[in-house]
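Student: So TrEMBL lists the following for this protein:
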- 29-485: domain 'Major facilitator superfamily (MFS) profile' (DOMAIN)
- 85-105: transmembrane segment (TRANSMEM)
- 117-136: transmembrane segment (TRANSMEM)
- 175-196: transmembrane segment (TRANSMEM)
- 208-227: transmembrane segment (TRANSMEM)
- 294-316: transmembrane segment (TRANSMEM)
- 328-352: transmembrane segment (TRANSMEM)
- 359-381: transmembrane segment (TRANSMEM)
- 393-413: transmembrane segment (TRANSMEM)
- 434-455: transmembrane segment (TRANSMEM)
- 461-481: transmembrane segment (TRANSMEM)
């Protein structure tokens, strides 16, 4: 039985090769757009670091601070940070991001373009940074996080689509993975800022950490003003084909762009049909031909959260303090973890278009599974309710988390953005990205809101829980995800009709409906 391969004949026969290559213009455009990953990464890095700072806890979450500091209160190592209000501070961003993605961002991205969505996202994030940095109460801090979520709802909707549509087909993996790489750089900036801010004796360092979120947001907002719209979006908005052809020539560096333009125009005919039939979201939910893409849009981002990566990303400083590290040591260790993850993501950018999406996902899943099981084993065997780990075991735990982070960084981290952004036909692409973002946000909310409570109750077994999900998702990729490397984005939907399982789901009548238009 063939499992998960691309269309018969290999990628060279999968569709026409477009002309041109990587130009300085398209590279600069994609680098600017990828700043959307910076704001996401900065938030992930900031949330955990600020949540472990004593002045922040003392001002907004005094109950947690007392559990950390008062020796007369005996609290399990696994329960010191268990506070639903504290986790609401983290998860509120993703609640508002979910609502934004579902109710507004998809419509703006499809009807007005990818660039306006990025501008709106950056502006909302700037407002959130200002409110967060100036917060004087826990509700105000949570409100600031919610405004940041509005920005992420727009940015996460538009940026992956922008990168997939602007990048040359054979380098799409490298360009699209730039979103995750910039996310890592944003997280690295946040952890470095957190480490320095924690040293400010006056106790206002957490304000600096939260307020500096405005820096990557300003880069995205200002840069997006000067970005071109994608050719696919211009055609979708009804712009003159001569204008689109001129843009394609500029971004591809060649005059041989008619094949790519023809595919975009043909895909746009399906967009008009989709509008007549009730819109992209309705088609995704009701038409059999989109069932494979819908499954991937829901499962890939959901399973990514169930690896436990955001639990570590949000709460790495908190987790390391729970096992006995001091405040500064935990923040410094988190910097090292982010550096390792960033290097792994850079490797993924270079490998995704050479080795393929499936190979990286399968190998990365195996690496993460082994590391997660060993993390759980060390904590179960050596960390009780009281006291900390010995120095040797603490170092071993840190190394295992680094191995886990590296595995995620070169596999599921970047590819969970790349694969969903490249598999949807144009007529449902914006709606499909909305489903992807919403699915990721739903599970991010659940992890952010309940991780500390689960850590308190499940203790070390929580890491075995995540390991079980990693095993399940690796099996899922092996059997159900076809390879898409090197295929033109407007022709990727053909892989489902050749897949051993999905061709049965689609059915012959719906395999190539574009031919009927």
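For all residues, glycine too, the Cβ spot is worked out from N, Cα and C.
Mind mapping these onto the model and telling me what they sit next to?
Tutor: The list of residues near the transmembrane segment (85-105) in space but at least 6 beyond its ends in sequence, with Cβ under 8 angstroms from a Cβ of it, reads 43, 47, 51, 60-61, 64, 117, 121, 138, 141-142, 145-150, 152-154, 156-158, 314, 434, 437-438, 441-442, 444-445, 448-453.
Under 8 Å from some Cβ of the transmembrane segment (175-196) lie the Cβ atoms of residues 30-31, 34-46, 49-50, 53, 159-160, 163-164, 166-168, 205, 208-209, 212, 215-216, 313, 317, 328, 331-332, 334-335, 338-339, 341-342, 345-346, 348-349, 352, 409, 413-415, 417-418, 421-422, all in the same chain and six or more residues away from its ends.
Residues 29, 32-33, 35-36, 38-39, 42-43, 46, 49-50, 53, 115, 118-119, 121-123, 125-126, 128-130, 132-135, 141, 144, 148, 151, 155, 162, 186, 189-190, 193-194, 197, 200 of the same chain sit 6 or more residues outside the transmembrane segment (208-227) yet have a Cβ under 8 Å from a Cβ within it.
Tertiary neighbourhood of the transmembrane segment (359-381): same-chain residues 307-308, 323, 348, 351-352, 389, 393, 396-397, 400-401, 403-404, 406-408, 410-412, 415, 459-464, 466-467, 470-471, 473-474, 477-478, 481, selected by CB-CB distance under 8 Å and a gap of 6+ residues from either end.
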Student: Residues of the same chain, at least six outside the transmembrane segment (461-481), with any C-beta under 8 angstroms of its C-beta?
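Tutor: Same-chain contacts beyond the ends: 3-4, 295-296, 299, 303, 306-308, 311, 357-358, 361-362, 365-366, 368-369, 372-373, 375-376, 379-380, 412, 419, 451, 454-455, 499, 501-502.
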